[in-house]
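Copied from Swiss-Prot, the annotated features are:
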type    : residues                       : note
BINDING : Cys71, Cys73, Cys86, Cys89     : Zn(2+) 1 binding site
BINDING : Asp462, Asp464, Asp466         : Mg(2+) binding site
BINDING : Cys811, Cys885, Cys892, Cys895 : Zn(2+) 2 binding site
Amino acid sequence: MNQEVMNLFNPQAPAQTFDSIRISIASPEKILSWSYGEIKKPETINYRTFKPERDGLFCARIFGPIKDYECLCGKYKRMKYKGIICEKCGVEVTLSRVRRERMGHIELAAPVAHIWFLKSLPSRIGTLLDMTLKDIERVLYFENYIVTEPGLTSLKEHQLLSEEEYMIAVDEFGEDQFTALIGAEAIYELLASMELEKIAADLRVDLAETTSDLKQKKLMKRLKIVENFLESGNRPEWMIMKIVPVIPPDLRPLVPLDGGRFATSDLNDLYRRVINRNNRLKRLIELRAPGIIIRNEKRMLQEAVDALFDNGRRGRVITGANKRPLKSLSDMLKGKQGRFRQNLLGKRVDYSGRSVIVTGPELKLHQCGLPKKMALELFKPFIYARLDAKGYSSTVKQAKKLVEKERPEVWDILDEVIREHPVLLNRAPTLHRLGIQAFEPTLIEGKAIQLHPLVCTAFNADFDGDQMAVHVPLSLEAQLEARVLMMSTNNILHPANGAPIIVPSQDMVLGLYYLSIVAEKEPGEGMIFADMGELQHALENKVVTLHTKIKGRFKTVDAEGNPVSKIYDTTPGRMIMGELLPKNVNVPFDICNQEMTKKNISKMIDHVYRHCGQKETVIFCDRIMQLGFAHACRAGISFGKDDMVIPESKAKIVAETEALTTEYEQQYNDGLITQGEKYNKVVDAWGKATDKITEEMMARLKAVEFDPVTGRQKQMNSVYMMSHSGARGSVNQMRQLGGMRGLMAKPSGEIIETPIISNFKEGLTVNEYFNSTHGARKGLADTALKTANSGYLTRRLVDVAQDAIISEVDCGAEIGLTMQPIVDAGQIVASIGQRVLGRTALDPILHPVTGEVIVEAGRMIEEKDVEIIEKAGIQSIRIRSALTCETRDGVCAKCYGRDLARGTPVNQGEAVGVIAAQSIGEPGTQLTMRTFHLGGTAQVVDSSYLEASYEGTVKLRNRNVVRNSDGNLVVMGRNMAVLILDATGKERAVHRVTYGSRLFVDEGDTVKRGQRIAEWDPYTRPIMTEVEGYVEFEDLVDGLSVSETADESTGITKRVVIDWRSTPRGSDLKPAMVIKDKAGKILKLSKGGDARFLLSVESILSVEPGAHVKAGDVIARLPMESAKTKDITGGLPRVAELFEARRPKDHAIIAEIDGTVRFGRDYKNKRRIIIEPNDDTIEPVEYLIPKGKPFHLQDGDVIEKGEYILDGNPAPHDILAIKGVEALASYLVNEIQEVYRLQGVLINDKHIEVIVRQMLQKVEITESGDTGYIPGDHVDRIELEEINERLIEEGKKPGSGNPVLLGITKASLQTPSFISAASFQETTRVLTEAAVAGKMDTLQGLKENVIVGRLIPAGTGGMTNQIRRIATARDELIIDERRKTSGSAEANAMLVDMTNNAAE
């Protein structure tokens, strides 16, 4: 009963439950069915009475009353007349809310083309009629006639006629022999008369017959649109409008400002324009005005409607009174300020506040301090309810008064209300899910929010004036989710890499580090203590210090929980820390009996979390935070100017390097080296000098010194302590303070040759200061730009991955990826253990020696397994991956593996796609904000030698070496590798060695760790001969293909190959060097080709004609790019390039087949390379290579599939096509990881795999079979598999396709959900396409559901959806049973009853 009464005042329509949304083109009948009346006048409201004009844009008769339950003239007021239509003013008495829902319409006097279907590319009307957009516009805007019915005349259908031609045709054939129309009517006729089935059939025939690719593409486009119309039930002529809908007036409001003026929505202006022109056109037609006037008016009407729908899409932008373009209906949806992103995906919420944050070290981890004033305001409704319940007030008004007066009982009640009611804290920018966490509020005085210091890392917050927002979860479910999922105590691990994120930083680290220092010769050294009591006593009486070496007894428990103890060599400081460790058999004293750097603290917390669980970890973290602060305060570590030590040897090192650079200068002057080489060498020398000075400085800082008087160890250097502990500062910064600042980079990324020799302690000279401003400014400018770029990258990633949700436990996939350790320049940068931890094993992992099973197939690999795997030295493991998961919607839990933020197998409903996107995007922003801290100091990344990273035996793979005239071994092979094997013959390291490297070892040699294996010149690439003989030049003509450049400063000449194609005389030269024997015959190479070496532009000749050379001698050199500094700047665009799957600028060319290289006939500036296959069944493949590119293959070389013909970054599409999905995945994962690794950012591979999975969702049809697709169509992979399964069952021919790689933007726009795509980018295009195809959005992803305002299908929402589905299925079963037993009437009644319940 109560419910009914309440509903009288606010009749709420039952919420519709729906499962999908469809979009299609509105027919005129549909528009009329929405409309409540025609708008005939352009007036809005009467400016004196402020009442809407009748039949105007705000008419109350059409749209509904202005005030609730009150007609316009005031005859009927109040509820009792509800639903009556006033006979005087014609207004229905109802809620004024209907003015937000009721639409009107305008009957157009002439049809008008809908600009979206006309101008949104590709033009739908154009494609359908097979006419160009220009021609259609000519007809629409009354320039040309179009023949719609040629009759028996010589005119063709769709032929355009100008005014004169039309007149001539009328004279020639007579007016009734043919039909030619002009304007939108003409297009309407053409569209209405189309027989789509027939056209589709014809197009299919044409497609089968055509041979040219271009024609095929065109026909396919047209066929696709025709099919879309046929399938969706849209009619083509609906793209021409005869009726324009008018949106409800409250969505385009007119607001009175003070001073009698009005602020209005632009739409009203645009509608007014349409109505004015339409009425004028009606009048002109009635008056039978001359055709030319009517035509002009029709054209203006078309333009007015165009501007209303999409202003500025065609012609001039229509501007308002203040020269500002008017916002049309399309602009309301588009962009960041449009409906989708402003109001549907991002809403402002109530019950929120924001304030500055201050640190709250005495809080527990799950608490935050909330100012009383804020809490009182935020929790008002709860307080009113509690005041009422406790009988302090009987009405809300009284309660309000009590709260306003801030009576004592109010504060008591506030305490009760707040207890155990979590609030959400958020710091913008929210880059990952840890940017919003829940805390229990404690009330504090003052106006600032107190934040626990340990969560600062997660929020990326500091206390220099940052602000944070507070939100109150209201419903019980919201509070529950906040507590169970978002509480800060539940977010101990970082979702990107599974490492703890609740880690002490800065002061706390310094305090803990200070505690753990060991010092020699302290008082009380060697004492033994039985328990902490004795130790405390000794400390307080200064018998021992915190750093004394002592023996102490550490008490813990064994596996059964019985107390055990053990004596350790340790220090009192470490014993104090050990006291805080949870008592657990797996947490030995050893983890805190070491120097407590930030890394070790992080490891310790991780260890505690893995073995003792979450609760213990949280308590432990809080305790070590307190301890850290206390001791940082007691230690009083600070530093002064004298703590920055300048090494004595600095002057000597600088002098030596200056001497070196002068020598290089001299060599350059003597012409021994080129300008580029000199630059590289100078830069190198200074780089090494800087490193050397830094080493000396660090050695001085680390040095342990003793006080000659007391004999005790002097206090460690404070700066060193801060840096070494990881509290603040890096070696790089210390170098700039006390060593030398080193080389600086120009804004272009090049390094300035003259370094900054001074450091900040000595002070910079004016010139040095000026040189250093470059880098510093570039850093600041970059930061601003890159923050935006990074944010955009994250947005694209989220958009492409938003529907990757864990939807089942196991998909049963039998394919996966092979994981191997990542080796870079001989260093293992990611061990196999790190890579497979928390993943599911695909095959059983066996011990290589004993053969026993370490991990069974289908089990998740845990920490304990990783230890065994690493010890066993296993080098490759097959694991399940999201990339190869076969789940239909989403990913399965087995393929994903461990939920990194919890350390347990991932739960169903986890939105792994969004987590992946945030994990990749968040460090992007972090890094971009971090560039300028280096102050532009250059870091050169180039190595010139290779050292053994292990002891072992050398094995050469693809061995191809010769001894040159100096007796050195020289590598002649393109893909030779040096392997180092351990005693058991297992590969420990693999190094690629480049062509032309000098080898110091040979097959079977043993090497020690750190021994030089090979070296090469990193700045030039050699061209070497592999036969002994005499050099002769071919086509090396002075002035044409070779120039002798004399260096201005030195007068020494060197001979360089120049671009010979620039002159007509030199166009067919092929500059080369040939090696002949004494008789003058050209020698043969081992692979059968002539010993002719083609030279590319910029090669520097190293020998004279006629010189005698031995195998392995360098005959020419190619300069390489000079070393540019690497910085995430190169990084962020690189990541974007990889995710967008763009072809890199100078991309590598990859061999598609195995075979032999042959040179074909060259083009003008391309070189033709043909690969002759080893297998006769395959066609040879040819490649065209730009001639200027450094090219290293010779005629007759053997090449394998997947090898590079031309070096560079390979295009991901090529890798996919040639080597397949797994190779592509490992390439993308490694390349992206490389960029982040340079910055020291850890991201788990699985995140990148999830994104790559989303990029590989489509296949391109190659064989259509009976699928009904056309070759070249892009289809969802899973869709094709399902259709094929069905076809095979029916005994028909299945289709096949190749996987295509789509960039993330493209993939987001191609999601099955048009709502999600429209809210991402190119809104108009997406909606136009969806409407033509009559697309259905099944609301599978997260974004669509947020937009329509439902629970997202992840997490809680995912489970409720599942439960709802099961329930509906069961209900249907029950009703079926009822139907069988008791007849349909009862069952139907039950159905109605159920739907009503569901609606309530």
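Here the Cβ of each residue, glycine as well, is placed from N, Cα and C on the backbone.
Everything Swiss-Prot records as a feature, shown here on the structure.
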residue: Cys71; record: Zn(2+) 1 binding site; Cβ contacts under 8 Å, 6 or more apart: Ala60, Pro65, Lys77, Cys86, Lys88, Cys89, Val91, Glu92, Val93
residue: Cys73; record: Zn(2+) 1 binding site; Cβ contacts under 8 Å, 6 or more apart: Cys86, Lys88, Cys89, Val91
residue: Asp462; record: Mg(2+) binding site; Cβ contacts under 8 Å, 6 or more apart: Cys456
residue: Asp464; record: Mg(2+) binding site; Cβ contacts under 8 Å, 6 or more apart: none
residue: Asp466; record: Mg(2+) binding site; Cβ contacts under 8 Å, 6 or more apart: Val356, Ile357, Arg427
residue: Cys811; record: Zn(2+) 2 binding site; Cβ contacts under 8 Å, 6 or more apart: Cys885, Glu886, Thr887, Cys892, Lys894, Cys895
All-chain count of other Cβ atoms within 10 Å of Cys885 (Zn(2+) 2 binding site): 27
Which of Cys86, Cys89, Cys892, Cys895, all binding-site residues, has a Cβ with the fewest other Cβ atoms inside 10 Å: Cys89
Where Cys895 (Zn(2+) 2 binding site) falls in three-state DSSP terms: helix
Secondary structure of Cys811 (Zn(2+) 2 binding site) (DSSP, helix/strand/coil): coil
8 Å Cβ shell about Cys71, Cys73, Cys86, Cys89 centroid, Zn(2+) 1 site members excluded: Leu72, Gly74, Lys75, Tyr76, Lys88, Gly90, Val91
Residues close to Mg(2+) site centre defined by Asp462, Asp464, Asp466, Cβ within 8 Å: Ile357, Ala461, Phe463, Gly465
